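Asks: Sharing a structure, written as structure tokens. Questions coming.
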Amino acid sequence: KEDSCQLGYSQGPCLGMFKRYFYNGTSMACETFYYGGCMGNGNNFPSEKECLQTCRTVQACNLPIVRGPCRAGIELWAFDAVKGKCVRFIYGGCNGNGNQFYSQKECKEYCGIPGEADEELLR
């Protein structure tokens with residue numbers, strides 16, 4: 001994974017208040033912070049989606065499916081470890097974790113059972 005994902009967030013010395021996302025390796029989630037607008041480091045993303053797609057690891061597949069307390073009603077995909085497959089869920093838009101994907105294909109690529117796609121080609 002990108003080395004910058006392992007860094008903590010950095011607001012930088014400037015005084016802007018730009019809402020950005022950084023990857024928190026401990027919680028395996030992308031969290032918000034306010035970026036000053038200059039310097040900082042590479043663990044700084046304009047969207048939660050870009051942050052997750054850059055920094056998430058396969059361990060995210062073992063995390064619980066978290067709707068979060070907000071009420072945005074975004075349809076996403078997550079890996080259900082009990083069912084062993086990717087399922088749809090409604091994400092509230094905040095305080096989620098790395099087990100959220102923007103398409104079934106993306107979820108399967110990260111968390112799918114190895115060889116599943118190959119077997120479909122043989123049928």
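Numbering starts at 1 and runs along the chain as displayed.
Yeah, the Cβs are placed from backbone N, Cα and C, and that goes for glycine too.
Sharing the feature lines straight out of Swiss-Prot:
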DISULFID  CYS5-CYS55  disulfide bond
DISULFID  CYS14-CYS38  disulfide bond
DISULFID  CYS30-CYS51  disulfide bond
DISULFID  CYS61-CYS111  disulfide bond
DISULFID  CYS70-CYS94  disulfide bond
DISULFID  CYS86-CYS107  disulfide bond
DOMAIN    5-55  domain 'BPTI/Kunitz inhibitor 1'
DOMAIN    61-111  domain 'BPTI/Kunitz inhibitor 2'
CARBOHYD  ASN24  N-linked glycosylation site
Asks: Limited to the domain 'BPTI/Kunitz inhibitor 1' (5-55), I'd like the whole-number average of pLDDT.
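Replies: A mean pLDDT of 97 is what the predicted model shows over the domain 'BPTI/Kunitz inhibitor 1' (5-55).
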Asks: Tell me, in order along the sequence, which recorded positions from ASN24, CYS38, CYS55, CYS61 have their CA within 10 Å of CYS30 (disulfide bond).
Replies: ASN24, CYS55
Asks: When the Cα-Cα distance from CYS38 (disulfide bond) is computed for each of the recorded positions CYS5, ASN24, CYS61, CYS70, which gives the smallest value?
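Replies: Comparing Cα positions, the candidate nearest CYS38 (disulfide bond) turns out to be CYS5.
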Asks: With DSSP as the reference, give the number of residues of the domain 'BPTI/Kunitz inhibitor 1' (5-55) in helix, strand and coil.
Replies: 10 helix, 15 strand, 26 coil
Asks: Using DSSP and three states only, what is CYS107 (disulfide bond)?
Replies: helix
